[in-house]
Amino acid sequence: MARLKLNKNFCTGCRTCEYACSLAHGGAYNPEHSRIRLYRTGCLQIEARYCVQCSRPRCVGACPRGAIHKQDEKVTIDPELCDGCGICQGICNRIMLDRATEKAVMCDGCGACVPACPERALALS
């Protein structure tokens with residue numbers, strides 16, 4: 001299972017990865033659909049939030065609707081079962097809320113953001 005990795009030394013916070021992700025998953029250049037989010041945490045400091053595919057994800061057991069599953073080393077959210085309650089986000093801040101659908105989403109390791117990064121700060125490994 002490929003996992004997204006960010007080299008913070010190269011990331012400038014341009015948010016191009018958010019736009020690429022939103023296009024791949026939401027069909028539009030709108031960061032509100034993105035499964036990766038960048039936050040400025042200080043002068044020249046960027047924090048990226050995206051699912052890192054934990055070996056023992058607490059979010060799976062936390063979902064009261066059973067919408068989050070781990071199968072074949074990959075954690076996914078079933079949008080048909082998710083009601084957007086936000087409990088999973090309380091457990092893990094790497095789960096995003098798609099503001100258009102009001103449902104939880106997470107990075108699935110598709111890699112759409114990797115070639116979009118002008119600084120080559122992202123990689124799948």
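From the backbone N, Cα and C atoms, a Cβ is placed for every residue, glycine too.
Listed in TrEMBL:
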type: DOMAIN; residues: 2-32; note: domain '4Fe-4S ferredoxin-type'
type: DOMAIN; residues: 42-73; note: domain '4Fe-4S ferredoxin-type'
type: DOMAIN; residues: 74-92; note: domain '4Fe-4S ferredoxin-type'
type: DOMAIN; residues: 93-125; note: domain '4Fe-4S ferredoxin-type'
Please work out the helix, strand and coil residue numbers for the domain '4Fe-4S ferredoxin-type' (74-92) from the DSSP assignment.
5 helix, 4 strand, 10 coil
Per DSSP, what is the helix/strand/coil residue tally across the domain '4Fe-4S ferredoxin-type' (2-32)?
13 helix, 3 strand, 15 coil
Write out how many residues of the domain '4Fe-4S ferredoxin-type' (93-125) are helix, how many strand and how many coil, based on DSSP.
0 helix, 9 strand, 24 coil
For the domain '4Fe-4S ferredoxin-type' (42-73), report the average pLDDT of the model, please.
92
